[in-house]
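Participant: Starting off with a structure, shown below.
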C-alpha cells in the first residue's frame, strides 16, 4: 500500500523516507513545497513513487487518487519559530493539518504528524498535558492549537492519530533550514568559518552558555515514527526527546573537539576553549526576550508506556557522529 510523507524534502521528512526505504518501502508519495528549491537535494537518495506540491495534494487525496493509503506522515509545516505572520502559520500549521487529519480519519488511514516542544514555552514540566502547555510564539501556538484539535477527536477516532512532539532534533539533511537549523549544525558551520563558536551570555537565571535543551538525534526520531507505523492501535500525543537536557556549552565542547580531532589536535575543556578564544559569549538578543525557551527536557514516560523501549543516542555520540558526517562531505 501507499505511504504518503508531507514535508518529504525537509529535514525530518527526507530522513523518514530513507528509513522507510531501508525497510523495503518504496511505494511512497512525497509531498512538499519546493519554493526553496535547494531542498531537492534531500530527495536525491530517496526512492519515491511520485511527487506532489502541497497545494495539489489535499484535493487529490480526498478524491482517492492514491488508492488504499496505509499511512500519512504529516511533516510539512512552517517550522520557523521566529515567523511573525500569524495568518500564514495558522493556515499552514493548523488548518491544513486539521483538514488532512479529517481526510485520514474518513479513509481509515494512519495519521502520524509532527508537533513540537515549542508548545511548552517556559514550562518547567514537559508532560503531554494541557496544564503544562504555554507557547511563547505564534509558531508554538499553531502547533498547540492543532494538538487541542487532535485531543478533541481522539475519543471517536477509529484509526490511528499520533502527534510526536519533537524536541531539538539534529542530524543530516538540515542545512537548508539556515537560522532554524539545529544548534549543532550552526556551531559546526560557525567554527569552520570563523574559528570560534558564539553562544548566548547570561539570561533568565542561566549562566553564559548554560541554556539547556533536549537534543535528539534524527536517527531516533525516525525510529519512533516507524514504531508507531508498526503499532496502528497506539494513538495520542507523545514527546520525542532523549529525556536529558544538555547545555549549549556541552554541545559546543563536543563540536569543537570533534573538529580539533580531525586536525590531530588534543581535546580541550570548556575553560580552555574560552581562554583560547574558541568559545565566546554574546549579549542575549532583545528579539528573543520573552520568546525563547532557555530549558527543555522531554518527559518520555508516555512514550515508554506506549511500548517504545529503544534507548536514545547520547548527545556526545550523536553530535560527534553528525560532525564527522559533515566533515566527510566537505561541509
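Just so you know, glycine gets a Cβ as well, placed from its N, Cα and C.
Dumping what Swiss-Prot says about this protein:
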- 11-12, 32-33, 39, 54, 75-79, 92, 143, 169, 177: NADP(+) binding site (BINDING)
- 139: active site, proton acceptor (ACT_SITE)
- 168, 179, 186, 200, 201, 202, 203, 213, 292: substrate binding site (BINDING)
- 177: active site, proton acceptor (ACT_SITE)
Participant: Express in Å, rounded to the nearest integer, the largest CA to CA distance found among the substrate-binding residues 168, 179, 186, 200, 201, 202, 203, 213, 292 named in the record.
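Facilitator: The two farthest binding residues have Cα atoms 21 Å apart.
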Participant: Please report the three-state DSSP label of residue 168 (substrate binding site).
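Facilitator: Looking at the DSSP assignment, residue 168 (substrate binding site) belongs to a strand.
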Participant: If I take the alpha carbons of residue 139 (active site, proton acceptor) and residue 79 (NADP(+) binding site), what is the distance between them in whole Å?
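Facilitator: Answer for this pair: 7 Å between alpha carbons.
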Participant: I want to check the contact list for residue 203 (substrate binding site): same chain, sequence separation of six or more, C-beta distance under 8 angstroms. What comes out?
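Facilitator: Sequence-distant Cβ neighbours: 211, 284, 289, 292, 294.
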Participant: Determine, to the nearest whole angstrom, how far the Cα atom of residue 39 (NADP(+) binding site) is from the Cα atom of residue 186 (substrate binding site).
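Facilitator: With the alpha carbons as reference points, the distance is 18 Å.
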Participant: What is the interatomic distance between the Cα atoms of residue 11 (NADP(+) binding site) and residue 168 (substrate binding site), given in whole Å?
Facilitator: 12
Participant: Which one is it: of the binding-site residues 168, 186, 201, whose Cα lies the shortest distance from the Cα of residue 77 (NADP(+) binding site)?
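Facilitator: It is 168, whose Cα lies nearest.
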Participant: Can you tell me how far the Cα of residue 75 (NADP(+) binding site) sits from the Cα of residue 168 (substrate binding site), in Å?
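Facilitator: A Cα-Cα distance of 15 Å.
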Participant: Near the Cβ of residue 32 (NADP(+) binding site), how many other Cβ atoms are there if near means within 10 Å?
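Facilitator: By my count, 25.
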Participant: If you run the three-state DSSP split on residue 75 (NADP(+) binding site), which class comes out?
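Facilitator: In three-state terms, residue 75 (NADP(+) binding site) counts as coil.
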